[in-house]
């Protein structure tokens, strides 16, 4: 589904005109090939039972890593009445600062049980950028920490704000649904490059609010048990 770079060049588009770099920061190394990821437009074998199972497991692992990180911080101050806040660090993806900020604004205006906030301490997940044949994806670093990788070329082919908001949806617990319509944010690259919708639909908003009301409560219980030991 990716558009060849030569076609983009012929159309007068380039990494520079799109505000994207040509190489990621040295620290923004993609996850190793074969590591489980939740990709924007699916893996080469998308649609197979094995692939669907692997993606579901990767999405669950990513969400649980973020949830656990947030819950352990909250356990230190369990009586707080403040909204649940998920802290991210976007310093590893400077080329996408605008898209990340926009994606954060979209999600914060769409759901009420959780908030996304930029920060450099108490970070729950990070953004990275670079080139990877798998495109953009959400994954874990092997140490229980989640991150979102934003691929340069894919963000030329597809609407970059939609890609970023979609991947951020995995942070909040939503799985991919490539067969969905453009109005469904988590359909990712399924509807094709012409789809520019970067907003979750009502079902997606409701699911996130439910996950962070119910799922977070369970994660908090585990975090409190751990802190009491």
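Glycine is treated like the rest: Cβ placed from N, Cα and C.
According to Swiss-Prot, the active site annotation covers 167. Per Swiss-Prot, the feature Ca(2+) binding site maps to 159, 161; the stated evidence is similarity to another entry. Annotation source Swiss-Prot lists Zn(2+) binding site at 166, 170, 176. Annotation comment: Swiss-Prot describes 182-195 as disulfide bond. What Swiss-Prot lists as signal peptide is 1-28, and the listing cites sequence analysis.
Mapped onto this structure are the features recorded in Swiss-Prot.
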{"residue": "159", "record": "Ca(2+) binding site", "Cβ contacts under 8 Å, 6 or more apart": "193, 195, 196, 198"}
{"residue": "161", "record": "Ca(2+) binding site", "Cβ contacts under 8 Å, 6 or more apart": "99, 102, 103, 106, 196, 198"}
{"residue": "166", "record": "Zn(2+) binding site", "Cβ contacts under 8 Å, 6 or more apart": "40, 185, 186, 188, 198"}
{"residue": "182", "record": "disulfide bond", "Cβ contacts under 8 Å, 6 or more apart": "191, 194, 195, 197"}
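The number of other Cβ atoms within 10 Å of the Cβ belonging to residue 167 (active site), over all protein chains shown, comes to 25.
With respect to Cβ neighbours within 10 Å, the recorded positions 170, 176, 195 differ, and 195 shows the lowest count.
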